[in-house]
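Reviewing the structure listed below.
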């Protein structure tokens with residue numbers, strides 16, 4: 001283990017760098033409308049996470065790359081995940097203006113968006129915000145409340161370019177649900193699947 005990468009000051013730098021990456025999404029170039037450029041940014045970020053993770057001796061189990069807890073994680077995710085989907089559908093029915101975010105979605109574009117979302121965006125986000133961020137936080141504190149809240153805040157901030165306070169609040173709640181499940185079961189497959197399903201419902205509600 002490289003002591004530099006586990007030092008508290010470097011950890012603060014780490015969080016500042018992640019915040020900087022997240023802030024880039026607030027610029028027009030990296031907005032949701034330029035999805036391909038966002039994927040490039042994700043790729044650069046993952047290269048950094050892989051390097052620091054290897055220097056910090058993060059294991060596959062810590063990063064959630066083990067499937068031993070998948071069945072229990074799915075059972076634990078069913079109720080909160082279903083509740084979130086119902087909340088999205090109810091919000092779409094009662095307040096459709098919350099879903100008018102200026103994103104040009106058409107029925108013909110949905111399959112491509114769902115494919116790239118499942119293949120690139122969701123795995124990258126979950127590996128970064130659940131696997132990496134939570135594992136790094138655990139190197140400095142073992143308090144679940146702090147870990148869950150901090151990771152959810154970062155996850156919410158990176159979705160701020162949606163330009164909707166309610167959308168950012170929703171992703172914060174989503175981040176709490178995912179972080180709680182990940183801390184209990186250490187399984188990325190479950191949170192990836194839930195992220196994709198809930199994101200797909202949200203994408204359809206934006207049409």
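Cβ coordinates are placed from backbone N, Cα and C, and glycine is handled just like the others.
Here is what TrEMBL says about this protein:
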TRANSMEM  9-27  transmembrane segment
TRANSMEM  39-56  transmembrane segment
TRANSMEM  77-94  transmembrane segment
DOMAIN    110-198  domain 'CAAX prenyl protease 2/Lysostaphin resistance protein A-like'
TRANSMEM  145-176  transmembrane segment
TRANSMEM  188-206  transmembrane segment
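If you look at the transmembrane segment (77-94), the same-chain residues 6 or more away from its ends with a CB under 8 A from one of its CBs are 166, 170, 173-174, 177, 181, 190-191, 194, 197-198, 201-202, 205.
Counting residue by residue with DSSP, the domain 'CAAX prenyl protease 2/Lysostaphin resistance protein A-like' (110-198) contains 78 helix, 1 strand, 10 coil.
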